[in-house]
Each structure stands twice: as structure tokens, then as C-alpha cells.
Amino acid sequence: NRTYFPFFSDFRGRNVTALRVGESFALATVFLLALVGNVWGICLLVQQRHRHRLCAANCLVLNLFCADLLFITPTPFIAVVRWTESWVLGDVVCHMLFYVVSLSGTVVILSLSAVSLERVVSIARLRHAAFRRRKALAAAPLRRLCSKNNCTMLIFFFILCKQEIQICTLVWPSIAGEIVWDVTFAVVFFLIPGLVIVISYSKILQITKASRRSLNAGLAYSENHQIRVSQQDYKLFRALIVLMISFFIMWSPIIIIILLILVQNYKQDLNILPSVFFWVVLFTFANSAVNPILYNVAHFRRKCQEILLCCTGSPARHGAGTETTARRSN
């Protein structure tokens with residue numbers, strides 16, 4: 001007589017058309033923003049490859065954008081389930097949907113941590129550029145392999161279950177197995193990558209501040225230049241803080257609700273609504289729309305400036321502005 005969590009299925013009775021429309025609109029908005037942003041980001045990185053070889057950092061960012069695209073692919077199926085309430089998509093989709101979400105989600109998280117680690121290694125010049133590129137390219141399949149091994153069991157444990165309505169739910173052979181998987185997932189694919197991100201970006205700030213102090217001590221700078229240096233430090237600090245905060249804000253809720261679903265097996269008075277799970281998952285999907293902006297902001301800014309200058313008909317300023325922006329990006 002155990003009650004299983006319905007995930008995206010939700011029995012809400014009648015007169016909920018407005019709620020369904022709102023959910024569908026939110027899903028469609030996140031899906032389109034993430035699709036356009038990641039495809040545009042991939043196109044900008046591919047254009048760079050035609051000009052010169054793709055660096056290790058851009059390889060990792062490209063892998064991140066591809067994982068983001070895979071991460072949002074289940075949104076149309078989720079919209080169907082929110083309208084039908086009962087699971088009508090069949091057994092195969094039940095097995096594969098949550099597998100794709102968990103697999104691509106873990107690849108996204110590991111890619112975010114890999115980007116931060118590669119950035120601090122590049123800045124600290126701990127590796128030769130060619131060696132870093134080979135290591136970065138070799139790390140991408142390794143991340144996918146680790147994620148695949150951890151998420152493969154979800155294919156077998158997500159099954160159709162008939163309760164009040166037919167639902168696609170997670171049925172573990174034992175509570176111990178569910179505990180081990182949830183804790184392992186939270187530690188290996190959230191806490192450790194999050195720690196890597198914090199340490200990497202904190203190290204970048206330390207290196208930058210040390211370099212600024214060394215330059216200020218060794219050279220005679222004008223007051224205006226020192227003001228520019230302070231502004232650059234502030235912008236760098238703000239950018240790195242945004243990267244760290246965005247990761248924890250957008251991925252913490254889904255990890256928390258996964259653990260709460262586990263606790264719900266022991267405490268029957270704890271009632272997690274499927275609608276709460278839906279909005280938490282949607283908020284996590286929104287990370288795929290934010291990543292192209294945060295991790296390719298220089299290219300997006302330069303391309304927007306090019307489009308704006310082309311529209312205003314200023315070819316001379318277009319070239320100068322592009323060159324200046326490229327130097328600042330470097």
C-alpha cells in the first residue's frame with residue numbers, strides 16, 4: 001500500500017485550464033530562450049574555429065551548450081503530462097525521460113565545474129596550451145561516462161504505476177538503494193562540483209589581486225589608470241560572484257526536493273505537491289537559458305554591438321568597436 005511520488009503527473013480535478021496554460025507558457029518560454037541562446041552560442045563558437053583553433057575553454061563551453069540543449073528536450077513531453085494529468089506517453093518515454101534529464105543535468109553540472117577549473121589553470125599557466133586542449137577534449141567523454149553510469153539505473157527503476165491515475169514513478173528495489181543513489185548524486189554531482197567552482201573562482205580573484213598589486217608596486221601608474229584597475233577588479237569580482245551564485249541558486253532546489261522525496265518515504269506527514277516539483281524542475285531548466293549568457297557573454301556582447309552598428313550604418317566604428325571589444329575579452 002505504499003504511495004509513490006507522481007513526479008509530473010498531477011490529479012487536480014476540473015477548472016484548471018488557466019493553470020495548465022500558465023505552465024505550458026512557462027515551459028515554452030524557457031524552452032525557446034534556452035534553444036535560441038545555446039544555438040546562438042554554439043554558432044558563435046563554431047565561427048571562432050574558422051578563424052583559429054578552438055581553445056580548451058571554448059571546447060568546454062561548447063560541450064556545456066550541447067548538454068543544455070539535451071537538458072531541455074523533455075519539456076514538450078512534460079507539457080503533455082501536465083495537460084493529461086495521467087501518464088499517456090507510454091512505457092518507453094517513462095523509462096527514457098528521467099534518464100535524459102538526469103544524464104544531461106549531471107553533464108551540465110560537471111561542465112560548469114570543468115570550465116571554472118580550466119579557467120584557473122589557464123590563468124595560473126600551470127599547463128602548456130596544447131596539453132590543456134588535449135586534456136579538455138579527453139575530459140568531455142569522461143564526464144559523460146561518469147554521468148551515464150550513475151543515471152543508467154533510472155531507466156530500469158522508472159516504471160508505470162496505476163494508482164488514482166496512471167503515473168510514471170520511481171520504484172526502487174529497496175530503500176537502502178534509493179538512499180545510496182540520492183546521497184551519491186547530491187555529493188558527487190552537486191557538492192563536489194560546487195566546491196570546485198567556488199575554489200576555482202576564488203583562486204582567480206586571488207591571482208588577479210596579486211597581479212594588480214605587483215604591477216602597481218613595480219610601475220608608476222597614473223591616478224586614472226588606478227581607477228580603471230579598480231573598476232576592472234570590481235567587474236571581475238561581480239562576474240565571478242554571479243557565476244557562483246547562479247550555480248547554487250538554480251541547482252540547489254532540485255537537489256533539495258530530491259532529498260525531500262526520499263524523506264517522504266519515512267515521514268508520511270510530509271506531503272510534497274507535484275506542482276511544487278514541476279516549478280522546481282522548470283526553474284532548473286531555466287539554467288540552460290542563463291548559461292549561454294553567463295558563459296559566452298563576451299561573444300554575445302560583441303555580436304550585439306556588431307548588429308547594432310550595422311543597423312546604424314557605421315562601418316568604421318563597427319571595425320574599431322569589434323577590435324576593441326575583442327581585446328577587452330582577451
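Placement of Cβ uses the backbone N, Cα and C atoms for every residue, glycine included.
Taken from TrEMBL, the feature domain 'G-protein coupled receptors family 1 profile' applies to 37-295. Among the features that TrEMBL reports, transmembrane segment is placed at 25-47, 59-84, 96-117, 153-173, 179-202, 236-264, 276-298.
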Best-contacting stretch, by C-beta pairs under 8 Å, relative to the transmembrane segment (179-202) and drawn from 25-47, 59-84, 153-173, 236-264: 236-264
Contact ranking winner - 153-173, 236-264, 276-298 against the transmembrane segment (59-84), Cβ under 8 Å: 276-298
Candidate ranges 96-117, 153-173, 236-264, 276-298 - greatest C-beta contact count to the transmembrane segment (25-47) (under 8 angstroms): 276-298
Folded-back contacts onto the transmembrane segment (236-264), same chain, C-beta under 8 angstroms, at least six residues removed: 5, 105, 109, 112, 116, 178-179, 182, 185-186, 190, 194, 197-198, 201, 204-205, 208, 270-272, 276-277, 280-281, 283-284, 286-287, 290, 294-295, 297
Whole-number mean of pLDDT values that fall within the domain 'G-protein coupled receptors family 1 profile' (37-295): 80
